[in-house]
Amino acid sequence: MAPQIDAVILAGGMARRMGGNDKGLVDLNGQAMICHTINKLSTQVDQILINANRNQAQYEQWGYTVFSDQDSGYLGPLAGMVTALKQTQADYLLVVPCDCPMLPTDLTARLLAALEQQQADLAVASDGEYEQPVVLLLKPHLAASMQAFLDAGERKIDFWYRQHKVAVESFADQPNAFVNINTPEQKQQLATQIAK
């Protein structure tokens, strides 16, 4: 029987480099940026969750479960991840950011294969050159470790990774899949690229 896999889209940040605009709701070629991410994930997972710390009513319009970080104060992606891990009943949780509209359509399958083959706790995507720290598949039992890490005042996701067995899956065959949008200029460049 195939494992159940849920996904959480992280849209809980403050988006300082986007002028404070909620990145998931920023228009990209006629759709909110998060819609591009949802479209890439909808056939890859059983259920989609959205982590948003503001504008929750707007995120709810897509019909998915929306939740804020359990710990207030914009503590970074780990805070959204640990809350999602505590909510899911799935065998695995896929984590992606809301500002990555070109995710691979085989993301989940390849991360799962890497995790299982290497008997790892989590699998992280790489663009062939750099690891993508917030594009990963992990087991829900890691919630306790992640919560303890946050409770100790830690925030750096790669430091938390080092406590666990990590598989890295290269997507060098799709080098632009993890292009993310942090500034209005990057948004315009990607909008032009998508329109071609």
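Glycine too: its Cβ is placed from the backbone N, Cα and C atoms.
These figures come from a predicted structure and were not determined experimentally.
Features as listed in Swiss-Prot:
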BINDING   Leu10, Ala11, Gly12, Lys23, Asn51, Asp69, Asp99  GTP binding site
BINDING   Asp99  Mg(2+) binding site
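Distribution of Swiss-Prot features across the structure.
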residue	record	contacts (Cβ under 8 Å, 6+ apart)
Leu10	GTP binding site	Asn51, Pro77, Gly80, Met81, Val95, Val96, Pro97, Cys98, Val134
Ala11	GTP binding site	Asp22, Lys23, Gly24, Ile34, Ile50, Asn51, Ala52, Tyr59, Pro97, Cys98
Asp99	GTP binding site	Lys23, Gly24, Met33, Asn180, Ile181, Asn182
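Mapped onto three states, the DSSP output places Ala11 (GTP binding site) in coil.
Secondary structure from DSSP puts Asn51 (GTP binding site) in a beta strand. Scoring each of the binding-site residues (Lys23, Asn51, Asp69) by how many neighbouring Cβ atoms lie within 10 Å, the top position goes to Asn51. Classification of Asp69 (GTP binding site) by DSSP places it in coil, neither helical nor stranded.
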